[in-house]
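Notes follow the structure.
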Amino acid sequence: MIEKFIRETSFADDAERFNAVRAWIWSSIVSAFPFGAIFGSLMAATLSDKYGRKTTIFFNNIPAAIAGVLMTFAYPFKMWYLLLIGRFIIGVNAGISSGVITTILTEISPDNLRGMLGSCNQLFLTAAILFSNVLSFETIFGTEARWQYIFGFTFFPIITQLILLRFCPESPRYTLMFEHDEVQAEKDLRVLRERVNVRDEIDAMKREAIEREVH
């Protein structure tokens, strides 16, 4: 369907030229996502250390929204290259998300749940891939007239995340080690642990911070 869309919008009068560049265009669209993900993953640690885990996740919704708009309107605007650009940008978003979310899940988890919660990111990622494949069934959006609507679903997790993030505390480990705000770190940790006495964990983080500075 997408290949037909590309041919009809940009190569309708030049089938020979389309056949010559078809493989290149298709491979570029497919590979744009992993290239973007590599680029995003390389930025994840720097962004999250400089601006915070929560802030990075929040503003990472901007490239996701831009990508969603580009890919959704590629069909009505008859511009196949919007798919290419959109997939690269959403790849950047995915690379940043993968790095930062795994980090914050590991940092906020209690020791007895760290392994399980650390793997939740991959679990929900796999579930999202399954969901997107279901949407591509012919009875849902897998037709020539409806395939572009799949990209509109990008906005559901964006909106959900923007609403829920305001209720989530920053990683206490980040607050203590990078912002050096022990009071706020302790407040956030109390919210996460649902108990008042969290001194043991705060002291452990302080020792870790000292070791990081030494090394």
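The backbone N, Cα and C atoms fix where each Cβ goes, glycine too.
Record features, source TrEMBL:
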DOMAIN    1-215  domain 'Major facilitator superfamily (MFS) profile'
TRANSMEM  23-45  transmembrane segment
TRANSMEM  57-75  transmembrane segment
TRANSMEM  81-102  transmembrane segment
TRANSMEM  147-168  transmembrane segment
(message) Below 8 Å between Cβ atoms, which of the listed ranges 23-45, 57-75, 147-168 makes the most pairs with the transmembrane segment (81-102)?
(response) 23-45
(request) Could you pull out which residues elsewhere in the chain have a CB under 8 Å from any CB of the transmembrane segment (147-168), counting only those six or more residues past its ends? (result) 1-2, 54, 57-58, 61, 64-65, 67-68, 71-72, 74-76, 86, 90, 128, 132, 135-136, 141
